[in-house]
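Written out below as structure tokens is the structure these notes cover.
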Amino acid sequence: MNISAVLALVAIGAVLGCVLGIANKYLVVEEDNRVTEVIEMLPGANCGGCGYPGCSGFANALVEGETTKVSGCVVSNQETREKIVSYLNETPGPDGTTVKVTV
Amino acid sequence: MELVSLFIGLTFVNNVVLSKFYAVCPLLGVSKKPKNALNMGYAVTFVIFVASIVTWLLYNYVLVKLEITYLDLITFILVIASLVQFVEMFLKKTSPDIYKAMGVYLPLITTNCAVLGVALDNISAGYNLIEAAVAGLAVPIGFTIVIYVFATIRERLDIANVPESFKGTPIALITAGIMACAIAGIAGLV
């Protein structure tokens, strides 16, 4: 086996990885962590039944206030919906305001 | 002078889209609005320019020295994927609107055959570093011109009276074919 091939690829990969890692430090975007939390709570079927592109699209719409009805997610059950409603109504975003949503 | 003819040749005569038929995916995907088409062109220009220099250096100073030139494909893809990742982070930070408008086609630059095509062509054509850099600029400029012109044509096609069965992508493909015929008219110029 050609060991130099393996080492070369590892080295190239490591260098590129480091460059990207450094770039990520400087180019990091502050994301609203409520969106990730809501994505976690949604069923994650990615069915598109809510009319948004995937669960992340729906979570974004909820947090941005584009839609206020959690039941837009047709596959979620009552328990999940109530969990999301209480989470969003109680957790303030980066600007200190909460979004009002209903089941 | 030779560099000028190389530039003209790669931009127009051997246009990457219309005579080699690389990069047809973004041509059809991101050409609905001229503004998005231009942004796509800029992103591709950056990626191809940097990729052609980096891959040339890697090939000649690492792969050839270690006699592992058979690894060219995988190393080139590694470089290209990292560059695209960088462009994605940069756009997400500086202009989220462009990031949103380009959607899935931005990470798909990784699999844009034009990028890998230029990197491999630079090697097989035996270019030196300057020539590789010129090629890395000429090819994406040719791509940007074509995708922009194509987007403006498609804008007019939207309001044109196209037969029902040709609406959308079919008429766009026919348009691309006619544009390729026009480019074929200047074949052999350089």
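Cβ coordinates are placed from backbone N, Cα and C, and glycine is handled just like the others.
All TrEMBL annotations are machine predictions without curation.
Per TrEMBL, the features are as follows:
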{"type": "TRANSMEM", "residues": "B:6-30", "note": "transmembrane segment"}
{"type": "TRANSMEM", "residues": "B:42-62", "note": "transmembrane segment"}
{"type": "TRANSMEM", "residues": "B:68-91", "note": "transmembrane segment"}
{"type": "TRANSMEM", "residues": "B:103-120", "note": "transmembrane segment"}
{"type": "TRANSMEM", "residues": "B:132-151", "note": "transmembrane segment"}
{"type": "TRANSMEM", "residues": "B:171-189", "note": "transmembrane segment"}
* **Residues from the same chain, set at least six apart from the ends of the transmembrane segment (B:6-30), whose C-beta lies under 8 A from its own** => 36-37, 40, 44, 102, 105, 108-109, 111-114, 117-118, 131, 134-135, 137-143, 145-147, 150-151, 169, 172-173, 176, 179-180, 182-184, 186-190
* What stretch of B:68-91, B:103-120, B:132-151, B:171-189 shows the most Cβ pairs under 8 Å to the transmembrane segment (B:42-62)? -> B:132-151
* **Long-range environment of the transmembrane segment (B:132-151) - Cβ separation under 8 angstroms, sequence gap at least 6** => 3, 6-12, 15-18, 23, 26-27, 30-34, 36-38, 40-42, 44-45, 47-53, 56, 114, 118, 121-122, 125, 172, 175-176, 179
* Asked: Same chain, outside the transmembrane segment (B:103-120) by at least 6, Cβ under 8 Å from its Cβ: which residues?
  -> 16-17, 20, 22-23, 25-26, 29-30, 40, 43-44, 47-48, 51-52, 55-56, 72-73, 76-77, 79-81, 84, 87-88, 91, 135-136, 139-140, 143
